[in-house]
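Positions annotated as NAD(+) binding site by Swiss-Prot, on the basis of sequence analysis: 48-53, 74-75, 111-112, 139-140, 244, 273-275. Sequence annotations record features per position, and here Swiss-Prot assigns site 'Plays an important role in discriminating NADH against NADPH' to 75. The substrate binding site feature in Swiss-Prot is assigned to 225; the stated evidence is sequence analysis. Annotated active site, proton donor per Swiss-Prot: 235, in sequence order, evidence recorded as sequence analysis.
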């Protein structure tokens, strides 16, 4: 079929398999060009490995460190009627390219929150790898099915205490609007912590530990975002922030647990990037368009792959083998360049000046749109989007259920 982009709200409902593979190839090429990561882990499990930072983590481990990787994700394959999810095509492309490079790669598709996912992963590790040296936790899901009761819990992208009103961009109409978001209820806050906090990360590590598949010196890392006062009301000071604080709590508990085997647990605070997750957060697209422009001008802009390569090579697995620098909460900070005073001051000054008329001139809004559509495999140079493509790609993926 011939596949064109169809945007609805903040998601693109179609995906292009050839474009998704091109994205994965681009990240692999970047990683290889940087050179091998010294002291890299050799057996890596990535929970949430099909897009964004999770996918980049799998690429860094495999193509930067030569690691055997197992990826866990929840994605839909294509059928003869419609394309699959971008994550499915990303994961399929990764597997194919890893195998071509002579690397071990196996993937589990299903609900990563489930007990079954953990058991399947453990069986696979025992069967093929013995143990794991690094566990990356990179799940971004709006819903969690509780593993023991089957109850569905939903997260809320809402402020706490009062209605939040701010300038934002309507990405469908490309106009500046005033966006208002009602505050979260106590129940919504608790639910957001349940879905996006650290509990499932702890359950993964506990299951792996009890099964004896965590190697001596095993590290684990989970990803977070803190941002700045421009986004704090909706993010760090909102329901989502409570969940991210719970991730910090989990990291502290896991760090104590893993210390016995010479291991560590850290939250890595990453920069804002264009992902399906961030596009759903009011205010984020406009903030990203602003901060990207300034960071590009300063030569410090990074996408997912650049961030994760830097995290592996300059934080978790430093060349001299020394412990990584951390902040007061034992977090690895990779948002250091984004949070530079000159960059943030620029955004603060610019924010009130943005109008529909000057949006494209004062920010990297067009670049934001390009990166967004690229997530789904569109707008990539060298791909013929009028050509017939097969939405059903070959992928020897293991179904969890």
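Heads up, the Cβ atoms here are built off N, Cα and C, so glycines get one too.
Structure coloured by features recorded in Swiss-Prot.
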residue	record	Cβ neighbours (10 Å)
48	NAD(+) binding site	25
50	NAD(+) binding site	26
52	NAD(+) binding site	24
75	site 'Plays an important role in discriminating NADH against NADPH'	20
111	NAD(+) binding site	18
139	NAD(+) binding site	21
225	substrate binding site	22
235	active site, proton donor	25
244	NAD(+) binding site	24
274	NAD(+) binding site	24
Other C-beta atoms that fall within 10 angstroms of the C-beta of residue 74 (NAD(+) binding site):
20
How many Å lie between the Cα of residue 274 (NAD(+) binding site) and the Cα of the residue listed as 'substrate binding site'?
13
Tell me which of the recorded positions 50, 52, 139, 235, 244 ends up closest to residue 75 (site 'Plays an important role in discriminating NADH against NADPH') in space, Cα to Cα.
50
Which one is closest to residue 235 (active site, proton donor) in space, judged by CA to CA distance, out of the binding-site residues 48, 50, 111?
48
Distance from residue 225 (substrate binding site) back to residue 48 (NAD(+) binding site), taken between C-alpha atoms, in Å:
16
Rounded to a whole number, how many Å is the Cα of residue 74 (NAD(+) binding site) away from the Cα of residue 225 (substrate binding site)?
22
Would you kindly give the Cα-Cα distance separating the residue listed as 'substrate binding site' and residue 244 (NAD(+) binding site), rounded to the nearest Å?
8
Work out how many Å separate residue 50 (NAD(+) binding site) and residue 225 (substrate binding site) at their Cα atoms, rounded off.
19
Cα-Cα distance linking the residue listed as 'substrate binding site' and residue 139 (NAD(+) binding site), given in Å to the nearest integer:
13
